[in-house]
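**Student:** Please read through the structure below; I'll follow up with questions.
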């Protein structure tokens, strides 16, 4: 396919049109008075959102050169979302500002490479200043609530629910977001270890009202293969029956014949038993079975380690205070595992989380860590309609990410104030030449933009508010929700330092690449000729039988 090539100013101007198209759509969502953006969907109802990255992901422009510009800024939003989970709109605004002012200077003859060096120098100084301003969150759940509330566009209910979930599962715990059946948003905590496998047969149920198997102080048999014939496990079954305690079997699968025998004995009342399939797949299944064994003080019966089911003994079985099994999940509460063994396993999983490069693997490892360490909290998001549900779920996920970021690197005053305070770090900073110093000035101007936009979205005059915030010091800033200048820390208008840092770093990175671009190549549009008209003389064919 033929290519179209653009150089110099022409290429950069087209890219900038794309940047502006995307940034202008995204930036209206910023702040507590941010506006909604409605996204059309091919199927189903439109999606209403205030989430910057959701808006950015929808934008595709017709002109391939403009579209490249939009995709560059989309990359800023996506990367910021991946790194910090929030701050996508702020990053987009910063990128647009650095690119816009930078481009004017390049047009006026500034050296793009020197500008980039100046921009990088300024960003480094601002990041250091932000780190110095950050205040640790620690176990201050009020701060956690404030951060979550701000990120959820001022929704106090979401803020308090996330703080409650954090309080219950601690830092190691996992918090997942799911859609609720009703209209209420609630948080539920699963104590102990839960995995997503239910009973193999409903005939194991002991509580028919709830359709659950409930076991008190059961033995737990963990086997990593399929149980084909019951004869293999008869010795261990007989020993368990003699104790009078229930038995939970966790195995890869159970053959229908062996299952039928277990069910018949369960219905007769001679066996208190339940069988579930092992969680996970492949190597992850082996690791999860090992986790269960460590948590319950049992041993995984595996031929790989030389253990056979027919030779299993009672000391290979795990135990727990309580086990609940429904059709979808199995929950093991207060496993009788050795505390040191569990601590050692937790350390091992943490090391694997540090070393993994796959986001999916990291997520699964964190789930395993939570199940061993802190438990799992589920936030059920309820709403009156599907459209509202999606919008609310976006906000809950943003708030959750922001909260985690705050715990990691602390908090700074919100509402764009942290950037205004960081201007002080650039006051005496000079580059090695005039263009580098211009690069520093570009960043100094750009970091005012988030506050200007928050103010503009609230219907006020940006320049006036920015000047007044500059005149104050420390945590003094503008609360756009209440239209009041005040100490932002005391009123809970705070942002995670990590989000503030990552947004600027990613924006500057893409802007630097943009300013040093000299040539853009895209596929040439092919003009498809119109289909030829039907030849005449075909009209009489209607009469054919």
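In case you wondered, yes, glycine gets a Cβ from its N, Cα and C as well.
These came from Swiss-Prot, pasted as-is:
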type    : residues                                         : note
BINDING : 29, 30, 31, 32, 50, 86, 87, 88, 89, 90, 415, 495 : ATP binding site
**Student:** Counting other Cβ atoms within 10 Å of each residue's Cβ, which of the binding-site residues 29, 87, 89 comes out lowest?
**Tutor:** 29
**Student:** Note down the number of other Cβ atoms within 10 Å of the Cβ of residue 415 (ATP binding site), including every protein chain shown.
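**Tutor:** Cβ-Cβ neighbours of residue 415 (ATP binding site) within 10 Å number 25.
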**Student:** In sequence order, which same-chain residues at least six apart have a C-beta under 8 angstroms from residue 31 (ATP binding site)?
**Tutor:** 415, 453, 454, 455, 457, 458, 480
**Student:** Among residues 29, 30, 31, 32, 50, 86, 87, 88, 89, 90, 415, 495 annotated as binding ATP, what is the maximum Cα-Cα distance? Answer in Å.
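**Tutor:** Result: 17 Å between the two most distant Cα atoms.
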**Student:** What count of other C-beta atoms do you get within 10 angstroms of the C-beta of residue 50 (ATP binding site), across all chains shown?
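**Tutor:** Summing over all protein chains shown, residue 50 (ATP binding site) has 21 other Cβ atoms within 10 Å.
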